[in-house]
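A.B. asks: Supplied in structure tokens, the structure appears directly below.
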Amino acid sequence: MKNNIILVILLGISVFVDCLPLNDQEEDKSLNAQESEVSAVQKRDILQFSGMIRCATGRSAWKYFNYGNWCGWGGSGTAVDGVDSCCRSHDWCYKRHDSCYPKIIPYIASTSGSHPSCSITCHSANNRCQRDVCNCDKVAAECFARNTYHPNNKH
């Protein structure tokens, strides 16, 4: 229950943060013609994952909370579909990188375009842990985009 409350708070913050304007330095970068297609360059922790999901799928991260047997905090049993398998793989990826504190480590990533032409990049300035966690999130978001979302699997 405590973990679910924390996730709800984090997802709520992510919705708020995704609505905030970029800071002045990032706004200046967005004016550069070479970077005009980049919709966001942000340094965040688990909240960054929600931006990747939005870009890759066109859906809010909320749609994936309590979906199937694996989406949300924890998970067990058999994956109910491809989306749920993405969540299971994401959980296992975080587990492989547990020493990096994947739920809280900040990393730098950028998204450009939007669903269905989203591009997600994990920045080269990330250290090993940041790169690994960023890639866990990127792979999961792209996996969500490749699989059919079934609303009846959300509970």
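Every residue, even glycine, has its Cβ placed from backbone N, Cα and C.
Pulled from Swiss-Prot, these are the listed features:
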type     : residues            : note
ACT_SITE : HIS90               : active site
ACT_SITE : ASP137              : active site
BINDING  : GLY72, GLY74, ASP91 : Ca(2+) binding site
DISULFID : CYS55-CYS118        : disulfide bond
DISULFID : CYS71-CYS87         : disulfide bond
DISULFID : CYS86-CYS143        : disulfide bond
DISULFID : CYS93-CYS136        : disulfide bond
DISULFID : CYS100-CYS129       : disulfide bond
DISULFID : CYS122-CYS134       : disulfide bond
SIGNAL   : 1-19                : signal peptide
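Can you walk me through where each of these features ends up in the structure?
C.D. replies: Taken residue by residue with DSSP, HIS90 (active site) is part of a helix. The number of other Cβ atoms within 10 Å of the Cβ belonging to HIS90 (active site), over all protein chains shown, comes to 23.
If you draw a 10 Å sphere around the CB of ASP137 (active site), it holds 24 other CB atoms from the protein chains shown.
If you take the C-beta of CYS118 (disulfide bond) and look for same-chain residues 6 or more apart in sequence within under 8 angstroms, you find CYS55, ALA56, THR111, SER112, ALA145.
Within 10 Å of the C-beta of CYS71 (disulfide bond) there are 25 other C-beta atoms, taking all protein chains into account. In the three-state DSSP assignment, the secondary structure recorded for CYS71 (disulfide bond) is coil.
Note: CYS86 (disulfide bond) has non-local neighbours ALA140, CYS143, PHE144, ASN147, i.e. same-chain residues 6+ apart with C-beta under 8 A of its own C-beta.
In the shown protein chains, 23 other C-beta atoms lie within 10 A of the C-beta of CYS136 (disulfide bond).
Look at CYS129 (disulfide bond): DSSP puts it in a helix.
Its Cβ taken as reference, CYS122 (disulfide bond) is surrounded by 21 other Cβ atoms within 10 Å in the chains shown.
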A.B. asks: Please compare the disulfide-bonded residues CYS55, CYS93, CYS134 by how many other CB atoms fall within 10 Å of each one's CB, and tell me which has the fewest.
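C.D. replies: Each of the disulfide-bonded residues CYS55, CYS93, CYS134 was scored by Cβ atoms within 10 Å; lowest is CYS93.
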A.B. asks: With H, G and I counted as helix, E and B as strand and the rest as coil, say where DSSP puts CYS55 (disulfide bond).
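C.D. replies: Reduced to three states, the DSSP call for CYS55 (disulfide bond) is helix.
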A.B. asks: Taking only the Cα atoms, work out how far ASP137 (active site) lies from HIS90 (active site), in Å, as a whole number.
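C.D. replies: ASP137 (active site) to HIS90 (active site), Cα-Cα distance: 7 Å.
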A.B. asks: Cα within 10 Å of CYS87 (disulfide bond) is the criterion; apply it to the recorded positions GLY72, CYS122, CYS129 and give the hits in sequence order.
C.D. replies: GLY72
A.B. asks: For GLY74 (Ca(2+) binding site) and CYS93 (disulfide bond), determine the Cα separation and express it in whole Å.
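C.D. replies: So the Cα of CYS93 (disulfide bond) lies 13 Å away from that of GLY74 (Ca(2+) binding site).
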A.B. asks: Which residue among the binding-site residues GLY72, GLY74 has the fewest other Cβ atoms within 10 Å of its Cβ, if you could check?
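C.D. replies: Fewest other Cβ atoms within 10 Å, among the binding-site residues GLY72, GLY74, is found for GLY74.
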